[in-house]
Structures are given as structure tokens and as C-alpha cells.
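Asks: One structure follows; several queries about it will come next.
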């Protein structure tokens with residue numbers, strides 16, 4: 001037995017029952033809550049994926065559209081009349097002013113002496129010096145400033161073809177400097193200027209985001225386009241894009257929550273905007289290389305619910321990319337803390353857990369209450385069962401009103417108590433009956449003791465209880481009947497003794513006669529045995545003759561078949577002789593034809609003369625051979641004809657022999673049938689005599705049995721006489737009060753046989769033959785008639 005089974009056996013039902021009631025539904029509830037939680041997380045994960053990927057696609061599209069619009073805008077601006085005229089006028093005004101280089105002069109007026117604070121230098125429309133450049137600035141600056149503000153650019157720049165920054169809206173430290181050999185030639189704006197100077201009209205160069213010293217080292221993104229007039233390049237128009245706009249575009253969503261952020265990264269692994277979170281990364285910070293940034297930089301769009309964020313925390317993340325106007329791309333990554341992303345799922349799970357816990361608590365309480373009710377009723381039932389076991393049948397058994405299984409048990413206990421009460425009352429009645437029975441048995445014992453001593457004169461006079469009174473009457477009646485029977489037995493014993501003596505005498509007489517008859521039957525049986533042997537020998541000889549005749553018949557039939565085969569063979573020889581004759585005729589004909597041919601050949605050879613002499617010799621030899629062949633064929637034909645004649649004679653003789661053999665077979669068949677009938681008759685006689693012999697044997701056996709039975713009857717009669725005398729002696733012991741046993745009468749015959757029954761028998765001899773006995777002729781058989789009459 002395993003430990004759990006032993007533990008369950010030792011645990012009280014008050015503990016097991018609540019567990020068995022509550023644990024299964026609680027386990028099912030926990031399983032359901034777990035499955036719901038998993039399903040909720042799957043659904044939320046799917047929603048997160050859809051929303052995050054949608055947000056990234058949307059932000060990517062907005063950012064690409066903003067960059068494309070800026071590129072298209074600077075391209076359009078570079079070919080606009082304001083840009084062309086403004087650049088022409090500013091470039092033409094770029095010359096020494098009042099003996100001072102324009103760079104120093106203009107920086108002094110519009111930066112150093114500008115009354116507006118840093119960041120608001122663009123508010124100065126004119127310095128009031130009446131210089132040509134200032135006059136052009138007064139005309140163009142309000143329009144360019146309105147353009148810059150309307151487009152949301154950080155700054156707008158105009159370069160002449162010598163690298164001079166002849167105009168900017170914001171008037172930072174880069175204003176009025178040269179970007180070919182000046183201090184900012186290696187900046188992003190200098191790169192944009194030099195690249196744009198090499199481009200055809202309408203094209204735009206976009207720089208990477210990098211720190212820009214005139215903007216206090218802040219990251220800057222520049223776009224530049226060449227300015228042409230009449231096919232000649234005049235300079236470059238450029239804009240500086242505000243990076244806070246990129247951050248605003250990426251952060252413009254309610255989906256990100258408190259911990260979510262979208263950031264862009266370039267191919268160098270640097271952030272393209274500031275983090276929207278306090279203490280987060282800044283633009284141009286090198287970001288840690290993780291799987292998200294790696295996937296985004298290769299334009300791979302992925303979603304994962306278990307990734308590592310920039311700060312090493314677990315995040316839910318998605319990646320996308322942004323196509324720049326110059327063909328390059330930025331990686332775009334969205335990440336949000338996993339805790340926040342799964343907060344709704346965690347809330348739902350917690351809610352499910354709380355509901356499940358509440359339901360489980362209710363189930364436990366209901367199980368405890370149900371088990372407590374059942375255990376209380378079982379305890380009450382246990383108390384009532386102990387009361388019934390103690391014999392307290394008057395105590396009320398509680399719980400009979402319930403119709404459940406325990407109520408049925410209570411009903412069974414009530415019935416069991418009633419049965420026990422009735423059994424106890426029956427036991428008391430049985431005890432009283434046993435007492436009465438003992439009194440009755442005592443009286444019967446006394447009566448039987450008197451009866452065993454042969455006293456049949458006294459009956460039971462004491463009255464028995466009512467249920468045993470019939471027994472007393474039956475006993476007295478039996479004693480009375482037994483007394484009468486004993487008197488009758490005494491009388492019968494005297495009669496049996498007299499009759500047995502007479503039977504003994506008769507049996508002795510019958511025994512002597514039976515022995516004589518048995519001797520006669522034995523002699524008769526011996527004679528029949530000899531007769532049976534003779535008939536059996538004759539039957540066997542007849543069967544032997546029958547077998548020999550059958551063999552002769554078979555051999556004759558076989559000889560007939562041989563004759564038929566010989567006739568057929570001679571017929572075939574005759575046919576073969578005929579065919580040989582035909583063949584010889586053909587050979588004779590061939591020899592004749594050959595002879596003719598040889599004769600013709602000899603004639604032709606003779607005509608040929610000397611030339612045909614050799615051929616004539618050959619023809620002569622052929623003719624000679626043909627003649628000899630014809631002679632041999634004639635001789636063979638004669639021999640064949642003689643052989644055919646002799647074969648015909650043989651066929652005739654063999655046919656006659658076959659007819660003779662057929663006649664012999666017919667005669668032998670007839671003889672075989674006659675011998676068979678003789679053998680069958682002899683067999684039937686042998687069988688009949690054997691049956692007679694068997695009957696005689698059975699008769700002899702019956703006679704022997706009769707003799708034995710007579711002897712047994714004689715012995716039985718002797719025993720009967722002895723038993724009758726003993727019976728008379730036994731019944732003489734009984735005292736019936738009416739008679740006493742009489743002494744046995746003396747036998748009438750001292751020799752044991754009654755008068756007139758002495759055995760008399762004449763001996764019988766069988767001197768005649770068995771045939772005489774069988775045919776009933778006179779002789780000893782007739783003299784034995786007295787024996788059969790005695791039998």
C-alpha cells in the first residue's frame with residue numbers, strides 16, 4: 001500500500017470529506033484561471049504587436065514625409081525667385097564696408113551690437129547703417145524669417161559661390177563666415193555647402209546629424225540645394241532642421257504610456273534625437289548594440305515581448321526603419337517596459353485570481369459547511385448506533401426526516417433496531433420454550449427408559465404444555481400400538497417357526513431333483529458339442545472348395561483375357577504384315593523404275609559412244625542392283641504372304657481356345673455357386689447347432705443357478721427357523737400386560753424334511769448318437785422324459 005493510501009486510511013472523515021469536496025473544483029478553477037490568464041496575455045500580446053507595429057509604421061511615415069517635405073521645400077526654395085534674387089543681392093553687397101571686411105563688419109552689427117538676446121537675434125531687421133547689405137537685409141529678412149518660422153526650420157542659409165555665408169535668419173556664430181577656409185568649414189553645414197556646389201539644379205544634399213558648434217554644439221541636420229541662374233551656379237541655399245521636431249514626431253502617441261519611447265538610430269549606432277524620459281539618452285549618444293538596434297539597422301521589422309531595453313530592463317519592443325531623402329536609412333525602435341505593457345494583462349490576471357480566490361473561498365466554505373453537516377449527522381448516527389448496540393431500544397434515532405443516503409441509513413438502523421428487539425423477545429420466548437422442552441424431554445426420557453427395558457404396560461400420565469401435549473398422546477399411542485404389535489409378533493413368530501420347518505423340508509427335496517436334472521443337461525450339452533464340431537468341419541471344407549473353385553474361375557478368366565490379348569496381337573501382326581506387303585510393293589515398283597532408268601541410261605551411254613562408256617558401266621551396275629532388289633522384294637513378299645496365312649490360322653485357333661475357356665469359366669462359375677450354397681447351408685446348420693448348444697449351456701447354467709438357489713433357500717429356511725426362535729425369545733422379554741411369549745413348538749420331522757417330499761430321480765444316459773436325439777427316434781431320449789416331467 002502506498003503512503004497516500006495509508007495517510008487516507010488514518011485521516012478522519014471530517015478532514016477527508018471537505019478536501020474531497022473542495023479540492024477538485026478549486027483545482028479546476030485554478031486551471032481555468034491559468035488558462036484565461038494565458039489567453040489574456042496572448043490576446044494582449046497580439047494587440048500590443050498590432051498597435052506597436054502600427055505606431056512605428058505611422059511614425060516612420062510621418063518622419064519620412066517631414067524629411068521629404070523639407071527636402072522638397074529646400075529644392076523649391078533654391079529655384080524660387082526670392083532665393084535667387086536675394087542671393088544675388090546679398091552676394092553683390094558682400095564687399096568691404098567703410099574699409100572693413102564684410103565678415104567683421106556684419107558680425108559686429110548683427111551679432112555683437114544686436115540689441116536682442118541670444119536666440120532672438122533674428123528680430124533685428126536693419127542695423128541702420130545705410131550700407132547696401134543692410135538695405136538688402138531690410139528688404140529680404142522679414143520674408144525669409146516668415147518662411148523659416150512657417151516651415152518650423154531652425155535656420156535658413158544663403159551661400160555665394162565663394163563659400164561666404166552671406167545670409168542666415170538666426171544670426172548665430174556661423175553668420176558672415178567662409179565655409180571653404182573658415183572656422184566651420186568641416187562642420188555639417190560646410191559639408192552640405194561643398195556637396196551642393198557639385199550638384200545639378202533641383203537636387204538636395206542631406207547631412208548626417210552631428211554636433212554643430214555655432215549652435216552651442218547641439219546636434220544639427222542640414223539640407224542644401226544649389227542655386228542656379230541662367231545655368232550658372234550662384235551659390236547654395238540651406239536649411240537647418242530642428243531635432244526637437246524629430247523627437248516630437250517620434251513621441252506623438254498615447255500608446256507609449258509612461259515608460260514607452262520611440263528612438264531613431266543611424267548607421268553609426270548614434271541616437272538621432274533626445275530621449276523623452278528624464279535621464280535618458282541624448283542625441284548623438286552611442287547606444288548599446290542589442291538585437292533591436294541590429295535588426296532595425298538592417299531594415300528588419302520584428303516584434304518581441306521579451307527583449308532587453310536600452311537600460312537593461314525587460315521590454316516589449318518592435319523595430320522599423322526610416323528612409324532618408326538621400327537614400328540612407330535610420331533604424332526606428334519602439335520599446336516599453338514589459339511591466340507597463342503587461343499591466344492590463346496583469347490586472348486582468350489579478351482580477352481573475354481575485355475572483356477565482358473568492359470563488360475558491362466560497363467553495364471551501366460551502367465544502368466545509370456541507371462536510372460539517374454530513375459529519376454532524378454521521379456523528380449523531382454513530383451515537384444512535386452505539387445506543388442500539390448497547391440495547392437501548394427506547395432511545396429515539398434522529399435524522400429519519402432526511403431523504404438522502406444518510407436518511408436511508410437511519411431508516412435502515414431503525415429497522416435494524418426493531419429486528420434486534422424482536423430477536424431479543426424471540427430469544428426470551430425460546431428460552432421459555434427450551435425450559436418447557438427440557439421438562440417434556442425428561443418425561444419422554446423416563447418413558448423411553450421403561451420402553452428400553454421392555455416395559456410396555458405403563459404410559460405417560462403427566463400433562464405436557466399445550467404445544468407438547470400432542471407429543472405425549474403420540475408417545476402413549478406408540479407404546480400402545482407397540483404393545484399390540486409385540487403380541488402380534490409373538491403369534492407370528494410361532495407361525496414362522498412352523499412354516500420355516502416345512503419350507504426347509506421342501507427345499508431339500510427340490511435340491512436333490514435339481515442336481516439330477518443338471519447332470520442330464522450336462523450330458524446333452526456334450527453330445528451337441530460333438531455335433532457342432534462335425535457341422536463346423538463340413539462348413540469349413542465347403543468354404544475351402546468354394547475358394548478353390550473361385551481361384552479356378554479367376555485363372556480361367558485370366559486365361560481368357562490372355563487369349564483375347566493373343567488374338568489382338570495376331571490381328572496387329574496381320575495388319576503389320578499388310579503394311580510390309582505394301583512397302584515391298586513400293587520397293588518393287590522403285591526397283592522397276594530404277595531398272596528402266598538404268599536401261600535408258602545405258603541406251604544414252606551407247607549413243608554417247610566412247611565418252612559414255614563409263615556411264616554405261618554405272619548404268620549396268622544400277623540395273624543389276626535394281627534387279628536384285630526386285631528379286632529380294634519378291635522373296636520377302638512370298639515370305640510375308642506365308643506368314644500372314646499362318647497368322648490367320650493362329651488367330652482362328654486362338655479364337656477357338658478363347659471360346660473353350662469361356663465355356664470352362666461358365667462351368668466353373670456354376671460349380672462355384674453350388675459349392676457356395678452348400679457352404680452357406682453348412683454354415684447355417686453350424687450356426688443353428690451352435691445356438692442349440694448355447695441354449696443348452698444357458699439351460700445348464702440356469703439349472704446350476706436353480707440348484708444354488710434351492711440350496712440358498714434351504715439355508716435361508718434354516719436361518720428363518722433359527723431367527724423365528726430367536727424372535728420368540730426376544731419378544732418374550734416384553735411386558736404388555738395382556739399376554740406373554742409362548743415357547744417354540746417342537747419340529748414335526750427330526751430329519752428336516754416333511755413327509756412325501758423325499759427326492760427321487762432316475763439316472764439318464766446318452767448312449768444314442770446326437771442325430772437320433774435331433775430326429776426324435778426311439779431310444780434313451782424317450783426314456784429321459786421322466787426327467788423333464790420331474791423338472
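Cβ atoms are placed via backbone N, Cα and C, with glycine included.
Per TrEMBL, transmembrane segment is recorded for 12-33, 347-369. What TrEMBL records for 372-425, 444-487 is domain 'HAMP'. For 413-440, the entry in TrEMBL reads coiled coil. Annotation source TrEMBL lists domain 'Methyl-accepting transducer' at 492-721. The feature compositional bias 'Low complexity' is assigned by TrEMBL to 739-748. Residues or ranges marked as region 'Disordered' by TrEMBL: 739-765.
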Asks: For the transmembrane segment (347-369), what are the same-chain contacts with Cβ under 8 Å, counting residues 6+ beyond its ends?
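Replies: Hits for the transmembrane segment (347-369): 18, 21-22, 25-26, 29-30, 32-33, 36-37, 40-41.
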Asks: Please give the average pLDDT for the domain 'HAMP' (444-487) in this predicted model.
Replies: 78
Asks: DSSP helix, strand and coil counts for the domain 'HAMP' (372-425)?
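Replies: Computed counts for the domain 'HAMP' (372-425) are 39 helix, 0 strand, 15 coil.
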